[in-house]
Amino acid sequence: MKLPIYLDYAATTPVDPRVAEKMMQCLTMDGIFGNPASRSHRYGWQAEEAVDIARNQVADLINADPREIVFTSGATESDNLAIKGVAHFYHKKGKHIITSKTEHKAVLDTCRQLEREGYEVTYLQPEPSGLIPVAMIEAAMREDTILVSIMQVNNEIGVIQDIDAIGELCRSRKIIFHVDAAQSAGKLPIDVQTTKVDLMSISGHKMYGPKGIGALYVSRKPRIRLEAAMHGGGHERGMRSGTLATHQIVGMGEAAAIAKADMVVDNERIARLRDKLWNGIKHIEETYINGDVEKRACGSLNVSFNFVEGESLMMALKDLAVSSGSACTSASLEPSYVLRALGLNDEMAHSSIRFSIGRFTTDEEIDHAIETIKESIGNLREMSPLWEMFKDGIDLDSVQWAHH
C-alpha cells in the first residue's frame, strides 16, 4: 500500500495507464505529431484523424454530435467561454444571469467579471441539503434573463442537481442553460438528446485524462451562438482558435471512452468503498455528513468533525491525501464558501474534510483510512478544551467569550 493514500479524486485524477499509452503515440517523430490543421501532407491528415476519433469519443460520452464538441484548455476555460460567450453575443436580448452560490469559482468569478461589465447576476442560495429547487430558479427568472448556469455535481459536497428539470424549465422560457459537468462527465450517465442542456463544460483531468484539456458542448439544435474569447486561426469552428494539442485531445478521448465502458462497474465499486468509509467513521461522536445523502455522486464524502479544526486534522491525517474544500480555494484560510452557503457555521465549516474516492482506491486503503481517522479525531479531541466543555454539558453557543 502506497502512502499517503490518495483520497482527493475530486481535485484531480491520475492519468489511466491506457490513456498515457495512447498519448505517447502522438508526440515523437515516430508517432502522430503533425498539426491537425496541416491539410497538405500525411502528418497533418493523421493528426486530424486522431483528433476526429477523440472528438467522437467525447461526444459519445454525452450522446452529442461530434460537431457540438469544442476543445478547450480545461473546464475553467469552457465555463468562461460559455458564460462570457453567451453574455456578449446575446447582450441585446438581456443582461441578466442566474447561478448559485455553490458553483465552482470558474463560474462565480466569470459572473463577477460580467457584473463589472454591467450585467446583473442573481446568486441563488441552495437548501441546507445543497440542492437548488427548480421553483427557486423559476422565481428568479425575468424578461431579460439570458442564461442559467448550474453545475451538475458539486465539487465539494458531491450533490447532484436535477438538470433534467432545470433544462425543461429553461427551454420552456427560451433561456440558455449552461451546466458545469466537470465532476459528473464520465461518472454519471449524461444524454444531451434527452436532457435539455445548451452548453456543458467537461474536464479531462477529472476523468483519468491529462490536465490542460477540456471541452465545451455547444448545442446545434437549438443553435447556440457564442462570441469567441480566443482569436486567431479560426480553429474549432471559430469558437476557440489555437493549434489543437493532439496528444492531450487523444488522451481525453481515450479517457472518455474508458469512462463510458467502465462506468457501471467503476461506480458500483466506488460507491461500495464510500459507504464502507462512512460506515467506519459515522459512529464517531459529533460527526456529520454535508450535503444531500441520497442525491450525491458515488465517490464523494464531505464530513464535519465537530470540535476539531480542519487544518490540524489534515496535518494529523498525514497518511491520507484529503482536502478541506476544493483545491482552487484550499489555499485560503476562509471556511468553505460552499459549506457556509448550506448554513454551516464557521466552526463546522472549518472542521470539515472532503474525502473523494476513485478508480484506483482499494479496500485496504479504506480500512487504513478508517483507523487513521478514528485515532486522529480521538487524539485531537483529547487536547481540545472545547470538547471537554461540550462533554461536561456546557452549551458552547451560550458562552460569552472574553476578547483579549
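For all residues, glycine too, the Cβ spot is worked out from N, Cα and C.
Swiss-Prot lists C328 with the feature active site, cysteine persulfide intermediate. Annotation source Swiss-Prot lists pyridoxal 5'-phosphate binding site at A75, T76, N155, Q183, S203, G204, H205, T243. Annotated [2Fe-2S] cluster binding site per Swiss-Prot: C328, in sequence order, evidence recorded as sequence analysis. Sequence annotations record features per position, and here Swiss-Prot assigns N6-(pyridoxal phosphate)lysine to K206 based on sequence analysis.
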Diameter of the pyridoxal 5'-phosphate binding set by C-alpha atoms, the set being A75, T76, N155, Q183, S203, G204, H205, T243, in angstrom:
30
Residues that sit under 8 angstroms from K206 (N6-(pyridoxal phosphate)lysine) by C-beta distance, when 6+ apart in the chain:
A10, T12, T13, A75, A182, Q183, A185, G186
CB contacts under 8 angstroms to T76 (pyridoxal 5'-phosphate binding site), restricted to the same chain and 6+ apart in sequence, sorted by sequence, are A106, G214
Can you check which residue among the binding-site residues N155, S203, G204 has the largest number of Cβ atoms within 10 Å of its own?
G204
When the binding-site residues Q183, T243 are compared by other Cβ atoms within 10 Å, fewest goes to T243
Does anything in the same chain, at least 6 positions from H205 (pyridoxal 5'-phosphate binding site), have a Cβ under 8 Å from its Cβ, and if so what?
T12, T13, V15, G74, K211, G212, I213
Name the secondary structure element type, per DSSP in three states, that contains T243 (pyridoxal 5'-phosphate binding site).
coil
Run through the Cβ atoms and count how many others sit within 10 Å of the one on A75 (pyridoxal 5'-phosphate binding site).
28
